[in-house]
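Engineer: I have a structure here, written as structure tokens, and I will follow up with some questions on it.
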Amino acid sequence: MSSSSSKPVNTGLVTPRRYSTMTGIRTGPSQSGTGSIPYSPTSPLSRNFSNYSIPMLRSNSTQTNVNGPTAFDLGVTEKLMSPGTLDRYTRPALYPSKDLDYLKNEYVNYESTTSQQTNSKGLKESNFVGSGIITSIRIRPIGKNQGVWSHGKLSNDPYGREYIRQQTSTSSSTIQQEYLFNNVFGMESKNYDIYKRSVKSVVRNVFSGYNGIVFAYGMTGTGKTYSMQGTENEPGIIPLAMNDLFEMVENNSDDDTFQIRISYLEIYNERIRDLIGNSDEEPRIRENASGEVNVTPLTRVLVTSPEEVSQVIEQCNAIRKTAATDFNTYSSRSHAILQVFLIRNNPTAHTSQISSLSLVDLAGSERASAHHERRKEGAFINKSLLTLGTVISRLSAAANPSLTSNSGHIPYRESKLTRLLQQSLSGQSQISLLATISIESNHTMETTNTLKFASRAQNLPQDIRQAEAVTNVQAELASLHSALEKNAQEVEYYASLVKQLTSDLEERDTYIAMLEAERSQGTAISRARLRMEELLSDHNFEIADLRDELQDKEQIIYALRYAQKQRDIADFNQSLAKFPHKILKKNVTRGSRSSSDQFSNETKTEILPDDQQQSKKDSVTQETQLLS
């Protein structure tokens, strides 16, 4: 069907940009202005994600690497950016207009030629496209010391296979070793050519409900990461696959809705790391009751466009383990696995279908390094790749009894890489293997081992099945949504009730606190009143005692005064006896008055100093004792 005639589809996603690019670092000039900077997903170049219409700033000259092509030059002459413009790096359009038209027509032809039938669960079941296993070889551009290698297409081969041949001459004979694969890409090949011939059918099958896996295998520095991620001008397999997947979703003519989620992890020194979540907790490999191998906890994020995928991958690549090696300035030191989950919902049949695409960038095998950390990393990398080779060899032998390889125990658990790829390698996913090689003479052994690995992978078992549709998921989801809304209303009601009760409780607590304060204050007042009453009672007793004492003292004073008066009278009488009667008579009146005055003066209270008062008290006391 034509894309122009298809009706709008409710995908549940933001409409993706067509044929957008995956963000990467392109080859650029070195600081000296010559040479080239190898591609690196972690190179700290700034990018502008918000504006894709600004053309890239370039120099007018065309440069090549004067020191020979690097692992990521791939024999292509690049237009390099002029110095000082890296911080203004923006992304240009991915394809020329003619390529856009070609891709659109190609997709329309695929839609019109692929037969479909509706299964019992309401899903349209597309015929499987391509073969179960696709093996491809990519030759890195030659630096120097080229070995004796050749490649080409087999003539009259019904499968359209291609060969790569090594010819070794000795003094007595010529030895020729030939390997056959689905595709052999020469040094002049482009990333899009590789994607179109080796990966595109896998992506289409994923859209149709099958699982697929694409992984790059090869020696360090042969262009695995370049092939998988690409550069700004030449996007790799991952961005091209995401572009195609979103394009298929956008042009789908059914009423199905789609969701695309991705996870991204790395295996470094046999430790799994969630690159998206980037938490301290190490994810663990778990196997459920149905035999499915999963990683938990692992972050899966919803993406709505290729641009979002680009940004997520770029942020993850910035923290991925890389280091300089003898072959490459930026070399991946870990296996990276990007998993894409396509969730397809049929609202009519109330079914859902989940298919997955795994994009694996394996760390490169290498010889032992003198650097301690690189040597340790290399040991883990080589061990996992050796286990992968053993697993593939024994799976191939089990699937093809005619092979002489050992088909004994399959050591999936000896490496976390093979444990994660267990289901895919055992035939449940369509496999596309891209083996990258270098045909330089000093890499002959590594190249031969890589070709043997890819040859064995062609014999892996195939039991590819379409993902099952889960029935009534949509209806159950609608029911759950309804229950969720009801629960939300109840939660809102109870939340308001709790708020009101909380307010009432606070008011009650305030009132109780006030009563407690009043009670505490009343208790204090009562205690003070009792204390005052006790003190008052004590004072009353003291006052009564003082009054009694005062009364006693007054009686003593009266007695003393009376005694003094009696003494004065006695003295006066004695005086009268001594003087003549005449004088006595003459002075009677005056003497009486004087005695009266003297008595009056004695009755007056004298205010004396303390010591005199004490002396007087003592004399009074003595006199009182005498009187008594």
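Glycine is treated like the rest: Cβ placed from N, Cα and C.
The model shown is predicted, which means the values in this text are computed figures rather than measured ones.
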Engineer: Check the candidates SER43, SER82 against Swiss-Prot and report the one noted as phosphoserine.
Structural biologist: SER82
Engineer: Can you identify, from 306-333, 502-529, 530-557, the stretch that Swiss-Prot calls coiled coil?
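Structural biologist: Feature coiled coil in Swiss-Prot: residues 530-557.
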Engineer: Have a look around THR220 (ATP binding site) and count the other CB atoms within 10 A of its CB, chains all included.
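Structural biologist: Cβ-Cβ neighbours of THR220 (ATP binding site) within 10 Å number 22.
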Engineer: Across the region 'Interaction with mal3' (2-122), what does the pLDDT come to on average, as a whole number?
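Structural biologist: Summing pLDDT over the region 'Interaction with mal3' (2-122) and dividing by its length gives 33.
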Engineer: Let me check the 10 A CB neighbour count of LYS224 (ATP binding site). How many other CB atoms are there?
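Structural biologist: Other Cβ atoms found within 10 Å: 27.
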Engineer: Counting only other Cβ atoms and using a 10 Å cut-off, which of the binding-site residues THR222, THR225 scores lowest?
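Structural biologist: With the binding-site residues THR222, THR225, fewest surrounding Cβ atoms within 10 Å: THR222.
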Engineer: Which residues, sitting 6 or more apart from GLY218 (ATP binding site) on the same chain, put a CB under 8 Å from its CB?
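Structural biologist: In sequence order, the residues whose Cβ lies under 8 Å from that of GLY218 (ATP binding site) (at least 6 apart) are LYS224, LEU362, GLY364, SER365, ALA435, THR436, ILE437, THR450.
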Engineer: For GLY221, GLY223, listed as binding-site residues, tell me which one has the smallest number of other Cβ atoms within 10 Å.
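Structural biologist: Counting other Cβ atoms within 10 Å of each of the binding-site residues GLY221, GLY223, the minimum falls on GLY221.
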